[in-house]
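Colleague: So Swiss-Prot says this about it:
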TRANSMEM  63-83  transmembrane segment
REGION    84-124  region 'Linker'
REGION    87-116  region 'Disordered'
COMPBIAS  105-114  compositional bias 'Low complexity'
REGION    125-539  region 'Catalytic'
ACT_SITE  E218  active site, charge relay system
CARBOHYD  N282  N-linked glycosylation site
ACT_SITE  K350  active site, charge relay system
ACT_SITE  D426  active site, charge relay system
TRANSMEM  496-516  transmembrane segment
ACT_SITE  H524  active site, proton donor
CARBOHYD  N528  N-linked glycosylation site
Amino acid sequence: MDVRRGGGGGRIVGAARRALTWGALPLPMRITNGLAMVSLVLSSCDLLRLCSDRERPLGGREFATVVCQLASVVYLLSLFAHPDAPATTTGDDDDGQGGSRRARPAAAEPAPMHGHGGGMMEADDEEIVAAVASGALPSHRLESRLGDCRRAARLRREALRRVTGRGVEGLPFDGMDYQAILGQCCEMPVGYVQLPVGVAGPLLLDGREYHVPMATTEGCLVASVNRGCRAISASGGAFSVLLRDAMSRAPAVKLPSAMRAAELKAFAEAPANFELLAAVFNRSSRFGRLQDIRCALAGRNLYMRFSCITGDAMGMNMVSKGVENVLGYLQNVFPDMDVISVSGNYCSDKKPTAVNWIEGRGKSVVCEAIIKGDVVQKVLKTTVEKLVELNIIKNLAGSAVAGALGGFNAHASNIVTALFIATGQDPAQNVESSQCITMLEEVDDGDDLHISVTMPSIEVGTIGGGTCLASQAACLNLLGVKGSNHGSPGANAKRLATIVAGSVLAGELSLLAALASGHLVKSHMMYNRSSKDVAKAAS
C-alpha cells in the first residue's frame with residue numbers, strides 16, 4: 001500500500017508505526033503496566049506513612065518515593081490518554097482462532113466501515129481489489145467494510161476477473177438495487193442473470209381475469225399456456241378451492257429410549273396440551289398460528305411436524321422460530337430430550353415426499369374447468385375422447401409404471417417454476433410445489449371435458465425473499481397480489497396459490513392436446529431455439 005497518499009491507507013500505516021513505539025519497551029506491555037501500578041500503590045502508602053510521622057526529617061528515601069510516585073503517575077496517564085496506545089484483546093479473532101491474548105495495536109486493525117470516514121472507504125478501488133484478489137480482505141466483508149453495496153459488488157466483480165482470468169462482461173451489473181438484496185436475497189453479488197418474461201392469458205379464474213407472467217428460457221411454453229388460457233376462458237373460466245393452508249417444520253429430537261420418545265409423542269399430540277403448546281409457539285409472530293402437531297417415531301428418535309398458517313409470507317422462518325420456542329419449553333418438561341436439528345426432513349422441504357403428497361404443505365389447492373366440446377375441437381385441435389384416453393395412459397398409468405411420487409401430470413413443474421421465478425418465490429421449492437395429479441373426464445354425455453389439477457403443496461408468499469426485487473414485485477403487482485393484504489392477512493398469498501394452480505391447469509390442457517393431436521414436435525420446432533442453433537452450426 002502506498003503510504004504517500006493522503007487516504008485512509010496511509011493513516012492506517014502511520015498509526016501502526018506510532019503504535020510500534022509502545023512495543024519497543026524492554027518488557028512486555030502487560031508486565032510494564034503491572035510494575036507501574038505496584039510502584040504507584042507502594043509509593044503512595046509510604047508517603048501516607050511518612051506524612052503521619054511529622055517529626056521525621058525528609059531524606060533521600062523520601063525524595064526517591066516522591067520521584068517513583070510521580071513517574072508511575074506520568075506513565076499511567078500517558079498510557080490511558082494516548083490515542084495510539086495498544087489495547088489488549090482477549091476475545092476470539094475474526095478468523096475463528098480464539099484464545100489469543102497477545103497485545104496488538106488497535107489502530108493497525110482496519111477501521112469499521114459502517115460509517116463515513118473509515119480508512120477502507122477512502123482507500124482507492126485498486127487497493128481494495130488487490131486485497132480481495134490476494135485474500136488479505138475477505139470478499140464477503142466488502143459490504144460491511146465499504147458501507148456501499150453497489151461499490152462492493154463492482155469491486156468483487158473485478159477481483160473475480162483477476163483471480164479466474166475470465167471476464168464476466170455478459171453478466172449485467174447496472175439496474176440492480178444491491179442494497180435491497182443485502183441480508184435478504186443473495187450474498188457476495190457480482191451481477192444478476194437476465195431471463196425473458198412472457199405473459200400468458202387472460203386466465204379467467206374465479207370470475208377474475210389474470211395476465212400470468214412467466215420467466216422461462218423454454219420456447220413454446222408461454223404460447224402453450226396461453227392457448228390453454230384461451231380454451232378455459234372460452235368455456236366460462238376455471239374455479240379453484242383452497243383446501244388447506246399450513247406451512248410445516250419438523251425438528252428431530254433424540255431421547256434415551258424408544259419408550260421415552262413415545263411418551264413425548266403422546267404429550268405433543270395430546271389434545272389437552274395443544275392450547276399450551278400453541279400459546280408458546282404463537283409468541284414468535286403476529287401472523288403465525290399453530291394448526292396441528294403430528295409425530296413420527298424411528299427408534300428413540302422423534303420427528304414432530306408442526307404446521308401453522310403464516311399470513312402472506314411463505315413462512316419458513318416464521319414456523320422455524322415458533323418451533324424453537326416449543327422446543328425450549330419441551331426441554332423443561334423432558335430434560336433428557338436432545339435436540340438434533342430444527343429440521344429433521346419430515347417437514348419436508350425441497351424434496352418429493354409422501355408426507356407432503358398426503359398431508360400437504362403450504363397451500364393445498366384444487367382447480368377445475370369444464371371445456372366445451374367445440375372449444376376442444378377448434379382451439380385445442382383434438383377430441384374429448386382422445387384427451388381422456390391420453391391422460392389415463394400417460395399421466396396415471398405411465399406415472400405409476402415410473403414409480404412417480406406426486407408426478408401424475410404432464411408438466412406441472414414447467415409452469416410452477418416459470419411463475420416462481422417471475423414472482424420472486426424460492427425456485428427450489430418447485431420440487432414439492434409441482435406435485436400434482438391431473439384428472440380428465442367426459443361429461444355431458446361425452447360432449448364436454450372436465451379437467452382438474454389437485455396440488456397439495458404450493459409454497460408461495462407475497463412478502464419476504466425475492467418478492468422485494470423490483471422485477472418480481474412488478475409481476476406480483478400485475479397479478480394484483482403485491483405485498484401483504486392488510487384487510488385480510490394471507491389473502492394475497494392464497495390467491496397467488498390459486499393462480500399457480502389455474503396456470504398449471506391451462507398448461508396441462510394445452511400440452512395434452514398437443515400430444516393427442518401429434519403437434520408437439522412441430523410446435524417446438526417452430527418456437528424453440530434449437531432449430532436456429534442447428535442452422536447456425538450447419539453454416
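Cβ atoms are placed via backbone N, Cα and C, with glycine included.
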Colleague: Between E218 (active site, charge relay system) and D426 (active site, charge relay system), what is the CA-CA distance rounded to a whole number of Å?
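Modeller: Here the two Cα atoms are 19 Å apart.
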Colleague: Among E218, D426, all listed as active-site residues, which has the most CB atoms within 10 Å of its CB?
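Modeller: Result for the most crowded candidate: D426.
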Colleague: Measuring Cα to Cα, how far is D426 (active site, charge relay system) from K350 (active site, charge relay system) in Å?
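Modeller: Approximately 10 Å lies between the Cα of D426 (active site, charge relay system) and that of K350 (active site, charge relay system).
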Colleague: Taking only the residues in the region 'Catalytic' (125-539), give me the average pLDDT of this model.
Modeller: 95
Colleague: Rounded to an integer, what is the Cα-Cα distance in Å between N282 (N-linked glycosylation site) and K350 (active site, charge relay system)?
Modeller: 25
